[in-house]
Amino acid sequence: MAKEKFERNKPHCNIGTIGHVDHGKTTLTAAITIILAKSGGATAKNYADIDAAPEEKARGITINTAHVEYETANRHYAHVDCPGHADYVKNMITGAAQMDGAILVVSAADGPMPQTREHILLARQVGVPALVVYMNKVDLVDDEELLELVEMEVRELLSSYDFPGDDIPITKGSAKVAIDGGDPVIGEQSILALMKTVDDYIPQPDRPIDLPFLMPVEDVFSISGRGTVVTGRIEKGVVKVGEEVEIVGIRAVQKTTCTGVEMFRKLLDQGQAGDNVGVLLRGTKREDVERGQVLCKPGSITPHTKFVAEAYILTKEEGGRHTPFFTNYRPQFYFRTTDVTGIIKLREGVEMIMPGDNAELDVELITPIAMDQGLRFAIREGGRTVGAGVVAKIVE
């Protein structure tokens, strides 16, 4: 039902709720839809609708995620909420539900807890650009000084993970009071105030089409009399006939010119993000290009072999490994369209990684791959997915 109602004439932004178990993430999600429904910006959902999150698969991993959508005066939002902590870890690492920003929910009665810390760290590692805070359950705290103490703790915690803790907006309220229609100051008004901070503080993401051109190579053909065609789906940006492009990854970077773009056997002047195209390359031989490389705007992306990853390792039940792995483990890393072998080094003081763990790993690939921070990958053994990861930092 809700699908027809939204006019896509506002800028779109993807957000989510993060924070410790039982601090009120799902209740807040419900409260936002209920309050915004009053002005026609959402379809009201109750807690049970959101909590019964459907399963979905991302990079071979099953994740439970609930999606709701709503709009404010300024923007249209897709909002993701996960039922369990493991779902958050998997979601953020696989990028199944992209987050342009997140609402960190902290209970005023408890203050920051272990998963509060872990979700902030994950947000930092996977590159969530901005966070705002909703301090929930203030109806359970009578002492104003205690609220100030919790706020100070949250700000210090955010700063310790390189978020601007002093500047991040913190809204105090109670999602439950908002749903029950109680005291509007901590109920409805707090939800509207929170949405204003989300509108104002979370930056509008670049649309894929506005970013520098990038297309992972899926296949290569040679067409007699015309040259070499590489096919794939354009991930970002635009490529125009006559423009210079680079072929990056696996071997030395090559420069060439795009002499044609084809889609559905029709010739185009340009291809753009989302299009499945064939790109004709001038003077490039069939054997100069292979699957796993990328075609890109010159200088926009570089090949690397060493990086720091944040990874989630599947449990046995999820089809992953049955046993832990140790330092010098050599699986395949599946980037975009191809597998590359890499060596994992565990961090100082970490003896092994168990199935179901998420951890920071140092990785060295045997061949360079075009990468930047935030690139997602799967960890595989003989074609079977055993984990998922994201490039947190490039080393060389």
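Just so it is clear, glycine is given a Cβ too, placed from its N, Cα and C backbone atoms.
According to Swiss-Prot, the features are:
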- 19-26, 81-85, 136-139: GTP binding site (BINDING)
- Thr26: Mg(2+) binding site (BINDING)
- 10-206: domain 'tr-type G' (DOMAIN)
- 19-26: region 'G1' (REGION)
- 60-64: region 'G2' (REGION)
- 81-84: region 'G3' (REGION)
- 136-139: region 'G4' (REGION)
Spatial neighbours of the residue listed as 'Mg(2+) binding site' among the binding-site residues Cys82, His85, Val138 [C-alpha, 10 Å]: Cys82
Per-residue Cβ crowding (10 Å cut-off), top of binding-site residues Lys25, His85: Lys25
Listed in sequence order, residues with CB under 8 A of Cys82 (GTP binding site) and six or more positions away: Gly16, Ala53, Ile63, Asn64, Thr65, Ala66, Tyr88, Asn91
Per-residue Cβ crowding (10 Å cut-off), top of binding-site residues Gly19, Asp22, Thr26, Val138: Gly19
Per-state residue totals over the region 'G3' (81-84) - DSSP helix, strand, coil: 0 helix, 1 strand, 3 coil
Counts of helix, strand and coil residues, the region 'G4' (136-139), according to DSSP: 2 helix, 1 strand, 1 coil
Secondary structure content of the region 'G2' (60-64), with strand meaning DSSP E or B: 0 helix, 4 strand, 1 coil
